[in-house]
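Per TrEMBL, these features apply:
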ACT_SITE  Thr40  active site, charge relay system
ACT_SITE  His43  active site, charge relay system
BINDING   Cys38, His63, Glu64  Zn(2+) 1 binding site
BINDING   Cys93, Cys96, Cys99, Cys107  Zn(2+) 2 binding site
BINDING   Ile175, Asp195, Arg200, Leu262, Gly263, Leu264, Ile286, Tyr287  NAD(+) binding site
DOMAIN    24-133  domain 'Alcohol dehydrogenase-like N-terminal'
DOMAIN    174-300  domain 'Alcohol dehydrogenase-like C-terminal'
Amino acid sequence: MKALVKEKAAPGLSLVEVPEPEAGPGDVLIKVLRTGICGTDLHIRAWDGWAQQAVSAPLVVGHEFSGEVVSVGRDVAGIEVGDLVSGEGHLVCGKCRNCLAGRRHLCRATVGLGVGRDGCFAEYVVLPASNVWVHRNPVDLDIAAIFDPFGNAVHTALSFPLVGEDVLITGAGPIGLMAAAVAKHAGARNVAITDVSEARLDLARKVGADLALDVSSASIADGQRLLGLREGFDVGLEMSGNPAAMRDMLANMTHGGRIAMLGLPSQEFAVDWARVVTSMITIKGIYGREMFETWYAMSVLLEGGLDLAPVITGRYPAAEFEAAFADAASGHGGKVVMDWTA
Ligand SMILES: NC(=O)c1ccc[n+]([C@@H]2O[C@H](COP(=O)([O-])OP(=O)(O)OC[C@H]3O[C@@H](n4cnc5c(N)ncnc54)[C@H](O)[C@@H]3O)[C@@H](O)[C@H]2O)c1
Ligand SMILES: [Zn+2]
Ligand SMILES: [Zn+2]
């Protein structure tokens, strides 16, 4: 089969022939239809410091996909040949305290699809049945392909009650954009989102943000004034990974405010801890998705009318992966999807 492979410990990816993956008794073999390009894939392609310590070549990359079930192992129940599925890209150990307690998203020995084992940028992928999400209702193939980052957005956005609250999102990348759509859909009063890319801020307006603020020319305090807030934001969703964004968010929260932090800073940084203490701010780190509570929420949010269509801005056949990756790396669009059937 064709697959997009990190062939050696150097920058780049190659579309090459590899053997089809083998499925065990508890596994599901899936024909890949669409895949989403994630920041993780960009790191692996660029072969930066993180990728060098996290990845061993050769590796089939990719973890965001939609596909159709081709065969199921003899121990698999509840998944049928022909089902439209997406996949949870965190493979958990099943043995640690949290796994045994059913808190699989808190597993301390998680292996990433397309990072620690072969991924889904290929014509076929194999996953344990426990990582497969079956779409029971019709869903657009491209949207189904981005359930993994959509799950990051939903997990973060629904970490704290949003109804009637004033929500600040720092970073209008694909995940920030989806979080803005979710927060608005879930009943936030105001959703303010910040970025330094005008193109992404325009996308944020399309998904329903009340205020899309360019923080290269305005401050979050200006944003508060524009919205008529007097006491700060109630809920913050940090989705940029930029220390300046986190600091500015902390400075603009109400007392007792709550922050869910998804953005991954590349190194340690200082924050005003005295402010966290005296303003009694809660900060919660978010990693991945809850299995499978977040997945349930994603499916029913879409059924309830949540519209993610504006978030997908690039579509390419897999053969044009170089153009697709360049588009994703530009930092000015939304999600980029590759088609493995074209
Ligand atoms: N915790 C997890 O499980 C998890 C999963 C996926 C991604 N992430 C992280 O979440 C973040 C969002 O992911 P993404 O794919 O949307 O990333 P992205 O890099 O596409 O988006 C980040 C956005 O932040 C903007 N930005 C930069 N400086 C800013 C500032 N000072 N204020 C406001 N915005 C600023 C950038 O212009 C960019 O549009 C990244 O940091 C990513 O590494 C975490
Ligand atoms: Zn991803
Ligand atoms: Zn575990």
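Heads up, the Cβ atoms here are built off N, Cα and C, so glycines get one too.
Sequence features annotated in TrEMBL and their locations in the structure.
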residue: Thr40; record: active site, charge relay system; CB count, 10 Å: 24
residue: Glu64; record: Zn(2+) 1 binding site; CB count, 10 Å: 30
residue: Cys93; record: Zn(2+) 2 binding site; CB count, 10 Å: 14
residue: Cys96; record: Zn(2+) 2 binding site; CB count, 10 Å: 16
residue: Ile175; record: NAD(+) binding site; CB count, 10 Å: 28
residue: Asp195; record: NAD(+) binding site; CB count, 10 Å: 28
residue: Leu262; record: NAD(+) binding site; CB count, 10 Å: 25
residue: Gly263; record: NAD(+) binding site; CB count, 10 Å: 20
residue: Leu264; record: NAD(+) binding site; CB count, 10 Å: 14
residue: Ile286; record: NAD(+) binding site; CB count, 10 Å: 20
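Not one of the recorded positions Thr40, His63, Arg200, Ile286 places a Cβ under 6 Å from an atom of ligand 3. Helix, strand and coil counts from DSSP across the domain 'Alcohol dehydrogenase-like N-terminal' (24-133) read 24 helix, 39 strand, 47 coil. The binding-site residues near ligand 2, defined by a Cβ under 6 Å from one of its atoms, do not include any of Cys93, Leu262, Ile286. In the structure as shown, the Cβ atom of His63 (Zn(2+) 1 binding site) sits within 10 Å of 23 other Cβ atoms. Excluding the listed site residues Cys93, Cys96, Cys99, Cys107, the same chain places Val92, Gly94, Lys95, Arg97, Asn98, Leu100, Arg104, Arg108, Ala109, Thr110 with Cβ atoms within 8 Å of the centre of the Zn(2+) 2 site Cβ atoms.
For the binding-site residues Cys38, Cys99, Cys107, counting C-beta atoms within 10 A of each C-beta gives the highest total at Cys38. The maximum pairwise C-alpha distance among Ile175, Asp195, Arg200, Leu262, Gly263, Leu264, Ile286, Tyr287, the residues recorded as binding NAD(+), is 23 Å. For the domain 'Alcohol dehydrogenase-like C-terminal' (174-300), DSSP puts the residue distribution at 51 helix, 29 strand, 47 coil. Taking only the Cα positions, the spacing between Gly263 (NAD(+) binding site) and Cys107 (Zn(2+) 2 binding site) is 20 angstrom. Residues from the recorded positions list (Thr40, Cys93, Cys107, Gly263, Leu264) with a C-beta closer than 6 Å to any atom of ligand 1: Gly263, Leu264. Within 8 Å of the centroid of the Cβ atoms of Cys38, His63, Glu64, where the record puts Zn(2+) 1, the same chain has further Cβ atoms from Thr35, Gly36, Ile37, Thr40, Asp41, Gly62, Phe65, Gly89, Leu113, Gly114, Gly119, Cys120, Asp148, Pro149. Of all the recorded positions listed here (His43, Arg200), it is His43 whose C-beta has the fewest other C-beta atoms within 10 angstroms.
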